[in-house]
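Quick look at what Swiss-Prot annotates:
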{"type": "BINDING", "residues": "GLY8, ARG11, ARG91, ARG137, ARG140", "note": "CTP binding site"}
{"type": "BINDING", "residues": "GLY8, ARG11, ARG91, ARG137, ARG140", "note": "ATP binding site"}
{"type": "BINDING", "residues": "ASP21, ASP23", "note": "Mg(2+) binding site"}
{"type": "DOMAIN", "residues": "228-329", "note": "domain 'HD'"}
Amino acid sequence: MQIYLVGGAVRDSLLNIDVKDKDWVVVGSTPTHMNSLGYQSVGQDFPVFLHPRTKEEYALARTERKSGQGYKGFTCYAEADVTLEEDLLRRDLTINAIAQSDKGLLIDPYHGQEDLKNRLLRHVSNAFVEDPLRVLRVARFAARFHYLGFTIAPETMQLMKTLVSSGELSHLTPERVWQEWEKSLSSKHPNIFLSVLKECGALAVVLPEIDALFGVPQPEQWHPEIDTGMHTLMVSQQASLLSTSLPIRFAAQVHDLGKGITPESEWPSHKMHCHTGIKVIKNLCKRVRVPNEYKELALLVCEHHTNVHRASELRAQTFIKIFDKMDLWRKPERLESILLCCQADHAGRLGLELNPYPQKERMESAFNAAQHVEVKEVVAAGFKGPEIRDELTKRRIEAVKVALLIN
């Protein structure tokens, strides 16, 4: 029995990235033997065990043979005669197919170290096309390692296109699509995840609502980049520079989905996209099973981002109406997230990335002024029942007028 450190832990160590999780592969053992050593069996599809002390995952070396459709359509063989090289051969990318012995010796039969040096994401074997999930994984790795200069090997991109055209991606479950998408949001370049999926054709299959934005024009006066899809990628990147919040980064990517269903006869104008986008976002979130925290922020940004952009023109009563709709009196922390998304939208335009965004400060000033008007003061003044709400709104409007010097 021999044990090797494998996968991401070896890769990240070689890239001088902090190793968070360690995965191990066990060669020359059986489930019975592992159980006798105190390891806890947890694998359903193949033999995986938790170490009795560290609780790290130890998987028996295995081979996989395609036996059906989708990423679960495999038959696994995990007997004691499976070699380390055979186990590494089934992995997706060469940089993930490097093992390390207990003495620190690297076993690298598929030249992963060379690809790490050359900053290449390359498939291990042509069996890559048997697993549709690998398209999303490669896109995620491209996003994660973009800051290090990694690119996808041309022959691997070609296999990704082959996988897409085979129809295999239709067998991906919504949970797996969201799992990879959400992981990509935590990278330094979430936009690369979408652009890679667009390049290989997968975006139209797994996230057609975002794919529909490409080729849709916007007014050049406001959007020098013109293409809505390109704008979305730019906004995504700006959001990642402004915040590490995953809901903010998600909302930035979907805030303009309404533009994807604007009738061509109305192009390049999209006057109703803040309203039409609501249903598109709801349907997307339902299909891919996006958590409510993400969905709620995305809907708020979709509905209100054009109003925020017009903050310098808004009347005091309009500010209060917007704050009411955002439910800020109960959830004031929402405002910062919404405004950061709007700032990313403003900056996500070709040549305008560094333009100031005074609208954010104006919205904050208006809300801070309105928030200082307290209900107890209205009640103490003798107002009762429905009068309280009316007077509270009236006082909030006056507070905004004073704060923003609005007549």
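Note that Cβ sites are derived from N, Cα and C of the backbone, with glycine treated the same way.
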Response to the item:
Expressed in Å to no decimal places, the gap between the Cα atoms of ASP21 (Mg(2+) binding site) and ARG137 (CTP binding site) is 17
Worksheet item: Roughly how many Å separate the Cα of GLY8 (CTP binding site) from that of ASP23 (Mg(2+) binding site), to the nearest whole number?
Response: 8
Fill in: Residues GLY8, ARG11, ARG91, ARG137, ARG140 binding ATP per the record - widest CA separation, whole Å
16
Worksheet item: With DSSP, how much of the domain 'HD' (228-329) is helix, how much strand and how much coil, in residues?
Response: 80 helix, 0 strand, 22 coil
Worksheet item: So for ASP21 (Mg(2+) binding site), how many other CB atoms are inside 10 Å of its CB?
Response: 10
Discussion item. What is the set of residues, excluding GLY8, ARG11, ARG91, ARG137, ARG140, whose C-beta falls within 8 angstroms of the centroid of the C-beta atoms at the ATP site?
Written reply: GLY7, ASP92, LEU93, ILE95, ASN96, PHE141
Worksheet item: If you draw a 10 Å sphere on the Cβ of ARG137 (CTP binding site), how many other Cβ atoms land inside?
Response: 20
Worksheet item: Once the chains shown are all counted, how many other Cβ atoms turn up within 10 Å of the Cβ of ARG91 (CTP binding site)?
Response: 22
Discussion item. Within its own chain, what residues at least 6 apart in sequence put their Cβ under 8 Å from the Cβ of ASP23 (Mg(2+) binding site), listed in sequence order?
Written reply: LEU5, VAL6, GLY7, GLY8, ALA9, GLU56, GLU57, ALA59
